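Feature annotations, courtesy of TrEMBL:
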- Gly29, Ser30, Gly31, Lys32, Gly33, Thr34, Arg142, Arg185: ATP binding site (BINDING)
- Arg55, Lys76, Leu77, Val78, Gly103, Phe104, Pro105, Arg106, Arg146, Arg157: ribonucleoside 5'-phosphate binding site (BINDING)
- Asn110: CMP binding site (BINDING)
Amino acid sequence: MADASKQDYVGSFPPGKKITVVFVIGGPGSGKGTQCAKIVNQFGFTHLSAGELLREEVKSDTEQGTMIKNLMQEGKLVPSDIIVRLLLKAMLESGNDKFLIDGFPRNEENRQAYENIVNIEPEFVLFIDCSLEEMERRILNRNQGRDDDNVTTVRRRFGVFQESTLPVIQHYEKLGKLRRVDGDRQPDIVFEDVKAVFAQLNIQVASTRKREGTEKC
């Protein structure tokens, strides 16, 4: 576990408690949210979105929320340690021990802050690999009335994703922790591949618990 001094105002999980973390990464419009909802329903994970946690903090009447709001309005990045501590706080408050962390880490700085503060290795990283053409089509057709739902902005967001997040994907791929699924297909078809990945995780967890139980005997 991480050094307790790094978590002094957030807390930490009890020593020896098995915590399962899966990162879910994909470009804008890749279908991360849809797949996360299906995973939660079928496998009992708690779904956490770094972006949603930041928006909730902005709504709160706190000094940190005001600071985050000002940074966002100025177009500046929120420090990674703040994002990670919000994630850790939400994890601890959930009462669960299985977490899907959506859209995170976005960059190497996020990843390093997570390792320094939380220090719980992800079981794997689910990468929903979706083509630019398909992401464009989905975002432009979703009719949500958002100002950023236009071709130029979508391509810029995709460029940022490629530049910032690709090194994270490559890092976990080198560790053998990347699970890539083809996100260009219909959500239910994509989920068939996703289910297979999580079913394998359940087998691994069951095997580990059985082995630990045998060792204790």
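Quick reminder: no glycine exception, Cβ is built from N, Cα and C everywhere.
If you measure from the Cα atom of Asn110 (CMP binding site) to that of Leu77 (ribonucleoside 5'-phosphate binding site), you get 11 Å.
Remark: of the binding-site residues Arg55, Arg142, the most isolated position is Arg142 (fewest other Cβ atoms within 10 Å of its Cβ). With respect to Thr34 (ATP binding site), the closest of these binding-site residues in Cα terms is Gly103, chosen from Arg55, Gly103, Pro105.
Here the Cβ of Arg185 (ATP binding site) has 15 other Cβ atoms within 10 Å, regardless of which shown protein chain they belong to. Residue pair Gly31 (ATP binding site) / Gly103 (ribonucleoside 5'-phosphate binding site) shows a Cα separation of 11 Å. Of all the Cβ atoms in the protein chains shown, 23 others lie within 10 Å of the Cβ of Gly103 (ribonucleoside 5'-phosphate binding site). Nearest by CA distance to Gly33 (ATP binding site), out of the binding-site residues Arg55, Leu77, Gly103, Pro105, is Gly103. Only Lys32, from the binding-site residues Gly29, Lys32, Arg142, Arg185, place their Cα within 10 Å of the Cα belonging to Gly103 (ribonucleoside 5'-phosphate binding site). Closest in space to Lys32 (ATP binding site), of the binding-site residues given as Arg55, Leu77, Pro105, is Pro105, taking the CA atom of each residue.
Listed in sequence order, the residues of the same chain lying 6 or more apart from Ser30 (ATP binding site) and placing their CB within less than 8 Å of its CB are Ile128, Asp129, Cys130, Met135, Gly183. Most buried of the binding-site residues Gly31, Gly33, Pro105, judged by other Cβ atoms within 10 Å, is Pro105. Arg55 (ribonucleoside 5'-phosphate binding site) and Arg185 (ATP binding site) are 30 Å apart (CA-CA, integer value). When the Cα atoms are compared, Leu77 (ribonucleoside 5'-phosphate binding site) and Arg142 (ATP binding site) turn out to be 27 Å apart.
Taking only the Cα positions, the spacing between Arg55 (ribonucleoside 5'-phosphate binding site) and Gly29 (ATP binding site) is 19 angstrom.
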